[in-house]
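Since the structure comes first, as C-alpha cells, the remarks are kept for the end.
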Amino acid sequence: MSHAHAGSHAASVETQPDVYTNPVWRYLVHAATIVDLELRKLRRDPSELIMRAVQPALWLLVFGQAFGRLRAVPTGGVPYLAFLTPGILAQSVTFISIFYGIAIIWERDMGILQKYLATPMRRSALVLGKQLGASTRAISQAVVILVLSWLVGVRLHVGWNVIAVLILVILGAAFFAGMSMVLAALLKTRERMMGIGQVITMPLFFSSNALYPISIMPAWLKVVATINPMTYLVDGLRGLLLGTGTHAVWADALILAFAGTLMLALASYLFPRRLAG
Amino acid sequence: MSQGDHPPMSDSVVVEGLSKRFGAYQAVDDVSFRTQAGECFGLLGPNGAGKSTTIKMLATLLRPDAGRALVAGFDVVAEPQRVRSAIGYVPQMLSVNSALTGYENLVICARLQGLRPRARKVRIDEVITMLGLEDAAHRLVRTYSGGMVRRLEIGQAILHRPKVLFLDEPTVGLDPVARQSVWEHIERLRRDYGMTVFLTTHYMEEAESLCSRIAIMSRGRVAALGTLAELRDRVGNPEATLNEIFVHFAGQFQHEGGLRDVSRTRRIARRLG
Ligand SMILES: Nc1ncnc2c1ncn2[C@@H]1O[C@H](COP(=O)(O)OP(=O)(O)OP(=O)(O)O)[C@@H](O)[C@H]1O
Ligand SMILES: [Mg+2]
C-alpha cells in the first residue's frame, strides 16, 4: 500500500520521519496552521478590529442609553443597558464572522485557496481552521465590548464565568463563520456575498432576542427567533453575565456546537466542489 | 487499487481521455498524454485552450467529467490525498500572502505539507538559499518584486520534494532577467531532484529552452505532441520555429471567450506591478 512512500522514508529509518505520520495529529496541526495564519494577518493589521469596535460602541452608548430611558422593555429586573450588552456582544460576534465568506472568496480569486487545497490538508481542517480563526477575532471583540460596557457603568457578573463566556463566543463565531463559508460556496462571488451579508445580518439581529426578550414578540417572530442561532448565543451570554437566561447555558452551548459542526460538515463538502477550480 | 493498475514509475503523469466542461462549454475535451519521470513537459496553447483546467484536474482541484489521470502513480479521483502529497502546484495567479513575510509563507506551506518542525526548518533554509531569497526572507512579501514572488511560490511548492511540480505560467509578467532566473531554478530542480516539471506557458522560447517534450492544446484538445524535432517533422519543415509550429496547430482557431482570460492576465500583470 505504501510502496510509493518507501523511498522517502528509507533514508531516515532510525530517526523521526520528516512528515507527521499520525493522521489525527496532522489534522490538528493543519487546522492550527490556518488559525495561526489568521492570527499573523491580524497582528500585522489590527486596524480592522478597532474599526469593528465602533459600531457596538455606538449601540451601547447611543441606542442603549436613549432606549433604556423608555423602560419599555421587560428586562427581568436588570437595567436595559445591562440587558442589551450580551445582545450587542452577540451581534458583533455574528457580524465579524459573517464576512468570513467574503475573505474566502477573495482568497479563491487570488489563488491562495487553490494552493492550500493542493496540499495534503483535509478539507475540513481548512474549514475548522477558518472557523476558529473567526473565533479568535470574536474573542478580541468580546474583550473590547466587556471593557466598554464596564466603562459606561454596566455591572455584569464577571469572574471565572468569563471562561464560559469566551467558550460561547468561540462556538458562536465558529457557527456563523461556517454558515458564511457555506454561503460563499453557494454564491461564489464577492459581490453576491456582500449583498447577502447586508441582507441577512440585520434580520438575524432583529429576529433574535438581542434587543428585546422573546416574550414580547408576535407569534411568527417567536418562531423565527427560536430557530435563529443568535438567540442561543444571546441567551447563553445573558445567563452567564446577568443570570437571566431562559435556557440552561449548557443547552445553549450544545445547540451552538451542534449547529457549528453541521456548518463544518456542509462547508467541507461544498468547498472543494464549488470553489476549488 | 491493485498493483497492476499502476503504470511503471517512469511515467509520472498518465492522462487518458480526460474531459471537463463548464456549463455548455467543453473546456477540456478527451485529452491524453504521458510524461516521463524527470522530464520537463510543456503545455502550450492559446488563451482559453484548457491548459489551466487540465493542470487543476491533475492537482485534484477540479474533478474530471470523464477519463482518468494518474499522477506519480496515484489516481486523481480515487486517491487525491496521495496525489497531493506527491505534487507541488503553483497557480497561474500570484498567490502568496502579501501581509506575511516570505519566511512565514514558507512555514505555513511546510506545515500544510505535513513536515515536522526539524525537517521544516532544514527544508525552508535550503529553499531560501536555493532560490536566492536570503536577504528578503524576513521582509513582507508586499515589498517583493514579481520575480521574487514567483521564486517564493516555487519554493513553497517544493518544500516537501514533490515528484511532480505543476507550474501554471511560471514567468507570466516577468522581465527577461527575472524570467531567466526562474528558468535556471526550474532546470536545477529537475536536474538535482529528478522532479517532473509540468508547465504551461505562452513564451515559445521558454518551452524551447526548458521542455524536452511539448503538447500544443487548442480548444480543449491536444493538437500536437512531441519533442521539438518531432513537431518540426509533423509540420514538414525542419527549420520551423516553435512559434510557427504553434500557429500551425493552434492558429486556425479564434477563441471566443477571450474577455475573461485577457482581464485575468491584465490583473496578474497589474499585481506584478
Ligand atoms: N470555473 C470556470 N467556470 C466557467 N468557465 C471556466 C472556468 N474555468 C475556466 N473556464 C473556461 O474554460 C476555458 C479554458 O480555461 P483555462 O483557464 O483552462 O484556459 P487556459 O488555456 O489556461 O488559458 P490562459 O492561457 O488564458 O490561461 C476558458 O474558456 C475559460 O473561460
Ligand atoms: Mg491558464
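Using N, Cα and C of the backbone, Cβ positions are placed for all residues, glycine too.
Just so you know, TrEMBL annotations never went through curation; they're auto-generated.
Features of the protein shown, as given by TrEMBL:
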- A:47-274: domain 'ABC transmembrane type-2' (DOMAIN)
- A:49-68: transmembrane segment (TRANSMEM)
- A:80-106: transmembrane segment (TRANSMEM)
- A:127-152: transmembrane segment (TRANSMEM)
- A:158-187: transmembrane segment (TRANSMEM)
- A:199-221: transmembrane segment (TRANSMEM)
- A:248-271: transmembrane segment (TRANSMEM)
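As a quick check, the transmembrane segment (A:49-68) and the transmembrane segment (A:248-271) miss the bar of 3 or more Cβ pairs under 8 A, pairs 6 or more apart, so the two do not touch. Through the fold, the transmembrane segment (A:199-221) approaches residues 73-76, 84, 86-88, 90-91, 94-95, 98, 228, 230-231, 234-235, 246 of its own chain, all at least 6 residues removed from its boundaries and within a Cβ separation under 8 Å.
With a cut-off of 8 Å between Cβ atoms, the residues of this chain six or more beyond the transmembrane segment (A:80-106) that come close are 52-53, 55-56, 59-60, 63-65, 67-68, 71, 73, 113, 130, 133-134, 137-138, 141-142, 145-146, 149, 152-156, 169, 172-177, 179-184, 187-190, 193-194, 197, 200-201, 204-205, 208-211, 230, 233-234, 237-238, 241-242, 244, 275. Only residues 6 or more beyond the boundaries of the transmembrane segment (A:248-271), in the same chain, are considered here, and those with a CB under 8 A from a CB of the stretch are 122-124, 126-128, 131, 164, 167-168, 171-172, 174-175, 177-179, 181-182, 185-186, 229, 232-233, 235-236, 239-240.
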